[in-house]
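Peer 1: The structure's right below; bear with me while I get my questions together.
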Amino acid sequence: MRLEVFCEDRLGLTRELLDLLVLRSIDLRGIEIDPIGRIYLNFAELEFTNFSSLMAEIRRISGVTDVRTVPWMPSEREHLALSALLEALPEPVLSLDMKSKIEMANPASCQLFAHTQDRMRNHTAAQLINGFNFQRWLESNPQDSHSEHVVINGQNFLMEITPVHLQGENQEQMLTGAVVMLRSTIRMGRQLQNMTTQDLSAFSQIIAVSAKMKHVVEQARKLATLSAPLLITGNTGTGKDLFAHACHLASPRASKPYLALNCASIPEDAVESELFGHAPEGKKGFFEQANGGSVLLDEIGEMSPRMQTKLLRFLNDGTFRRVGEDHEVHVDVRVICATQKNLVEMVQKGLFREDLYYRLNVLTLNLPPLRDLPADIMPLTELFVARFADEQGVPRPKLSADLSTVLTRYGWPGNVRHVKNAIYRALTQLEGYELRPQDILLPDYDAATVAVGEEVMEGSLDEITSRFERSVLTQLYMNYPSTRKLAKRLGVSHTAIANKLREYGLSQQKKSEE
């Protein structure tokens with residue numbers, strides 16, 4: 001039987017309660033005092049008459065405002081809540097004392113190690129989990145959690161061990177043990193895959209920190225709601241396919257199919273049947289399958305003149321004929337095209353139909369190269385590090401202090417895809433818990449070899465010149481990391497270089513990174 005006594009803060013009140021229980025020969029099993037004015041009593045069951053009499057006498061004690069029965073003592077309630085939480089967790093969880101002996105194990109851990117709760121308490125963590133010195137870690141008086149890759153029964157787990165501190169009598173935090181959680185890398189990978197699959201809400205996958213990329217995303221949001229053909233241009237690896245899919249998801253056609261065809265990856269004779277279908281085989285083409293939705297034609301600059309003519313006809317009235325059939329089919333499809341080529345130059349050289357270019361160029365989205373978006377490089381790096389570490393089931397490495405300087409000054413000729421591949425390669429070969437510049441393979445990059453695309457030629461002559469000048473300074477500053485060395489390399493005064501670096505924010509960027 002448990003009672004909750006509401007009372008005032010009066011000296012001697014608790015003693016009077018205890019004296020009353022002694023007087024009635026009641027066996028007290030436990031007492032807990034809450035600082036906010038509540039006393040909890042736990043004693044054996046009483047007959048109704050004795051219980052009613054006891055309640056009346058407790059209420060007559062000076063300072064007692066009320067008394068009532070409760071199902072649990074506060075400590076019992078907390079213990080039951082914790083037990084329910086641990087039982088509900090799908091991940092194995094262990095509680096360790098300062099000798100790394102197991103004090104508590106949830107059902108998931110009992111199942112993993114094939115032991116009962118009692119048998120688990122007879123083991124230390126090291127007897128069940130190899131590859132980590134638990135005792136040495138506890139003796140080091142850790143303040144933060146630590147992650148470690150471990151193998152248990154042939155399964156890969158990410159082990160996270162967290163120190164448990166309690167406040168001692170002198171108000172200092174004392175280490176009393178640790179909590180170990182084991183997360184299956186297979187389960188984590190599936191969860192990440194499901195999350196990635198579900199988190200396709202339009203532009204949520206696109207990193208946009210710089211003002212220029214924010215403007216591009218905002219422009220894309222507006223263009224996404226329209227039905228006219230959309231032309232997306234940009235260098236290789238800038239994310240044209242990602243923007244195309246985002247535009248579909250942000251459009252009224254989001255619930256309808258989205259299909260993509262790379263015009264450079266399949267032979268010319270196969271492109272026609274892929275897009276328009278093949279009647280003798282009963283095959284539906286992309287346009288028919290995506291009726292009501294969107295179709296991305298990637299690398300549109302690689303499309304043959306004959307297919308350009310057929311595409312132009314389809315764009316004009318939305319009708320086409322399947323290969324081997326005279327019957328016309330009408331569909332409602334938004335066509336999104338992407339290219340890294342300069343279509344204007346191709347038109348001038350007779351390699352691309354002028355009328356098709358103007359039909360596609362109604363709505364245009366130009367994606368800038370990553371070298372023009374230095375503010376986006378580290379957020380992209382952090383995103384890919386987190387993503388690939390989680391997928392591989394390894395702890396996320398810390399990024400070294402000098403990594404930002406190197407990555408933001410590199411030219412990234414392959415743009416976002418280049419960053420993604422470089423980070424993936426680095427993580428698969430990383431030894432240790434810190435990602436450093438030497439861990440990332442960055443081939444020599446010559447800014448002078450970069451092709452001048454349409455996006456580079458935007459704006460006035462001063463804007464184009466400034467953009468190119470900033471790119472040159474950014475690249476050379478990597479190899480000549482002082483204003484005097486850079487000035488000597490370029491044959492100008494130290495003051496002139498200092499002013500230019502300040503103008504483009506390169507000197508401030510270096511200071512902030514240092």
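Placed from the backbone N, Cα and C atoms, the Cβ positions cover glycine too.
The structure displayed is predicted, hence computed values, not measured ones.
Not my notes, these are from Swiss-Prot:
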type: DOMAIN; residues: 2-72; note: domain 'ACT'
type: DOMAIN; residues: 78-120; note: domain 'PAS'
type: DOMAIN; residues: 206-428; note: domain 'Sigma-54 factor interaction'
type: BINDING; residues: 234-241, 290-299; note: ATP binding site
type: DNA_BIND; residues: 482-502; note: DNA-binding region
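On this model, are these features tucked inside or out on the surface, and what's nearby?
Peer 2: Same-chain residues lying 6 or more positions outside the domain 'PAS' (78-120) and placing a CB less than 8 Å from one of its CB atoms are 72, 126, 128, 134-135, 138, 152-153, 164, 175-184, 187.
Take the CB of ASN291 (ATP binding site) and look out to 10 A: across all protein chains shown you find 16 other CB atoms. Mapped onto three states, the DSSP output places ASN291 (ATP binding site) in coil.
A mean pLDDT of 86 is what the model gives for the DNA-binding region (482-502).
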Peer 1: In DSSP terms, helix, strand or coil for LYS240 (ATP binding site)?
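Peer 2: The residue in question, LYS240 (ATP binding site), is helix (DSSP, three-state).
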Peer 1: If we count other C-beta atoms within 10 Å, could you say which of the binding-site residues GLY237, LYS240, SER294, LEU297 has the fewest?
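Peer 2: If we count Cβ atoms within 10 Å for the binding-site residues GLY237, LYS240, SER294, LEU297, the smallest count is at GLY237.
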Peer 1: Which residue counts does DSSP yield for the domain 'PAS' (78-120) in the helix, strand and coil classes, in that order?
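Peer 2: Counting residues per DSSP class in the domain 'PAS' (78-120), I get 22 helix, 9 strand, 12 coil.
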Peer 1: What is the Cβ neighbour count of GLY234 (ATP binding site) at a 10 Å cut-off, with all protein chains included?
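Peer 2: If we count other Cβ atoms within 10 Å of GLY234 (ATP binding site), we arrive at 23.
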